[in-house]
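**Q** I grabbed these lines from TrEMBL:
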REGION    1-25  region 'Disordered'
COMPBIAS  1-15  compositional bias 'Basic and acidic residues'
DOMAIN    180-244  domain 'PAS'
DOMAIN    385-721  domain 'PDEase'
BINDING   His461, Asn462, Ser463, Thr464, His465, Asp502, Asp627, Gln679  AMP binding site
ACT_SITE  His461  active site, proton donor
BINDING   His465, His501, Asp502, Asp627  Zn(2+) 1 binding site
BINDING   Asp502  Zn(2+) 2 binding site
Amino acid sequence: MTWRTDQEGKGKQTDTKQSQVSSAEVRIGPMRLTQDPIQVLLIFAKEDSQSDGFWWACDRAGYRCNIARTPESALECFLDKHHEIIVIDHRQTQNFDAEAVCRSIRATNPSEHTVILAVVSRVSDDHEEASVLPLLHAGFNRRFMENSSIIACYNELIQIEHGEVRSQFKLRACNSVFTALDHCHEAIEITSDDHVIQYVNPAFERMMGYHKGELLGKELADLPKSDKNRADLLDTINTCIKKGKVGYTKPHSFRYKNRRKESIDVKSISSRGSDAPSLQNRRYPSMARIHSMTIEAPITKVINIINAAQENSPVTVAEALDRVLEILRTTELYSPQLGTKDEDPHTSDLVGGLMTDGLRRLSGNEYVFTKNVHQSHSHLAMPITINDVPPCISQLLDNEESWDFNIFELEAVTHKRPLVYLGLKVFSRFGVCEFLNCSETTLRAWFQVIEANYHSSNAYHNSTHAADVLHATAFFLGKERVKGSLDQLDEVAALIAATVHDVDHPGRTNSFLCNAGSELAVLYNDTAVLESHHTALAFQLTVKDTKCNIFKNIDRNHYRTLRQAIIDMVLATEMTKHFEHVNKFVNSINKPMAAEIEGSDCECNPAGKNFPENQILIKRMMIKCADVANPCRPLDLCIEWAGRISEEYFAQTDEEKRQGLPVVMPVFDRNTCSIPKSQISFIDYFITDMFDAWDAFAHLPGLMQHLADNYKHWKTLDDLKCKSLRLPSDS
């Protein structure tokens, strides 16, 4: 299809032959560019044989063609389409002033890369041919002597495409390259064969202590030395130049601007109007965004500054800074790195005993629990095996390895006891009983005790949520890079942590408990109150009765390691340290991995080496993502979860008002709350960055597509001023 524009400037669709020419490949140096089909604008007041000649020539060449009858419609059409070629009828002046039309188009920014052709009347043999200067001064690039032959028009257009149009296309690509160089943090210069400086970027200006005007056109060796460009630095650069290096730099990742970030992306403008991502972005969309993450924790700023300083430092300094980065990227940044016992055993024992969480001695103190935790186990039915699961449940569980598994169907068919059944299936798949050396009977009894201590009256924080987090954790553990980074103890710890991570949750937030002066808040000093309670209660419930003690047959060392891993993961779900956990994962896992993928010279420790510090970060990130994966579920599941968490927050607000407590989340007033707005904010500030980082590591394209679709759903509702989960017509 092509488009004609009538005299009123309105589009009128006209059927033509299907274009035979698609996008063309153009090379400029090492760059390979794809040029979209050429767009041509014909400006003719009336249809005649000449306009038809160009029309059918465009069709033959595969160009997209528009026809405008008035100067106004022509300008409007051009500003919309940004045509590469414009043909203006200059033969008659009674309809419009062709030169005035050309000048009006040239006054717009998009016309910089447009070729404008003037169609002039044929001159008789007894008249002298007119000069082209007036046309050039008006903004025309070429003149075409009137000729309605389709082949003549075709030849003219083809010559323009392979001449001026392709040159302008390459020029735009060059402009994008120079824009990229200007934003590069590395010092870059371009010189002639005689070492005369032709270009320097701002980083080079800063390094040398001169501005661009003082450098261009001169040889670097001729510049006077100053404090800013030390002799040793100049000598190094000159040596590189004499060896034939034109600016010494390594590949650099450029950044883009999105709706929440302040980084800059240098995108090639050679493919105007194209929304298609580059090949690299199609392969690693989340990895590309990792470079632009600006959560801006102080440690992130420090690491970025050191990275920038490394780029232009001598080798010895760069190696020292590598050691600094290695220290900064440790997971226990503020804990001392103790020496050996021989150096100072007294200090080592004292500091280790007081500051190392994993080595604290067990106390005999009992924890204070809420009213429903002292449940007797005697009423529990005799556990059955996984093979005795009812067929309706077993059939549902056949799909439990899929991300789209519907946990709400399992909730319904199990009468709000999904955790036992899903847990037995998942733990069996991962060989948990074999690892713990416990029977399936013990495991089932343990699941029953844990599930009994989830509050089914909670709209959100109930055993269905626990089962959902367990399902997500198992799914993540099945991803290749996650599986290759963790050992079986890590997997078992992750599955147990997911199961117990919200046990005995009261359906109220930590802030509510602190404001209300609850027993738990007093016990845990207003710090990670619920998360500390979940882990403490889970272990007490487990070890107090041998019938459900899944740890009774493992040795002490394994138990302590497993226990510490479970505690660490559950505490990681506490949101006050959300950005700290995400920052550490990005700096210690994503960025070194990205450097490896991009072939960087960085010698950072990759995540795949399975260092204990990296394994801890991966497990924390995994359970954090599993805990809040609702926005990445299929839309129907996402909507159901959004409704449930909103109802729980509404209930908290109601209770805060009844008790005269501070309202922690005023927006969650059931009479005024916009659920779409709350979901948009949650995704913007907590979900997107975290899942970009996790996707870059674990490769989760399906989840990221769900996230995009669900975000679009909430945005659509918000744009329509709808405050509910769905449009009324969809309910």
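Backbone N, Cα and C define each Cβ position, glycine as well.
Note: TrEMBL annotation is automatic and uncurated.
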**Q** In sequence order, which same-chain residues at least six apart have a C-beta under 8 angstroms from His461 (AMP binding site)?
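**A** Within the chain, His461 (AMP binding site) has Cβ neighbours under 8 Å at Tyr454, His455, Asp502, His505, Gly507, Glu648.
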**Q** Taking 8 Å from the centroid of the Cβ atoms of His465, His501, Asp502, Asp627 as the cut-off, which other residues in that chain fall inside it around the Zn(2+) 1 site?
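**A** Checked against the 8 Å cutoff, the neighbours are His461, Ala466, Val469, Ala498, His505, Thr573.
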**Q** Sorry to bug you, but what's the C-alpha spacing from Ser463 (AMP binding site) to His501 (Zn(2+) 1 binding site), rounded to the closest Å?
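**A** So the alpha carbons of His501 (Zn(2+) 1 binding site) and Ser463 (AMP binding site) sit roughly 10 Å from each other.
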**Q** Long-range neighbours only, meaning 6 or more apart in sequence with Cβ under 8 Å: which ones does Asp627 (AMP binding site) have?
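**A** Set apart from Asp627 (AMP binding site) by at least 6 residues yet with Cβ under 8 Å, we have Val469, His501, Thr573.
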**Q** Return the maximum Cα to Cα distance in Å (whole number) over the record's AMP-binding residues: His461, Asn462, Ser463, Thr464, His465, Asp502, Asp627, Gln679.
**A** 22
**Q** Among Asn462, Gln679, the binding-site residues in question, whose Cβ has the most other Cβ atoms within 10 Å in this structure?
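**A** Ranked by Cβ atoms within 10 Å, first place goes to Gln679.
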**Q** Which ones in the same chain are close to His465 (AMP binding site), with CB under 8 Å and 6+ residues apart in sequence?
**A** Asp502
**Q** Only counting partners 6 or more residues apart, tell me which same-chain residues put their Cβ under 8 Å from the Cβ of Thr464 (AMP binding site).
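**A** For Thr464 (AMP binding site), the qualifying residues are Ile407, Phe408, Glu411, Lys416, Pro418, Leu419.
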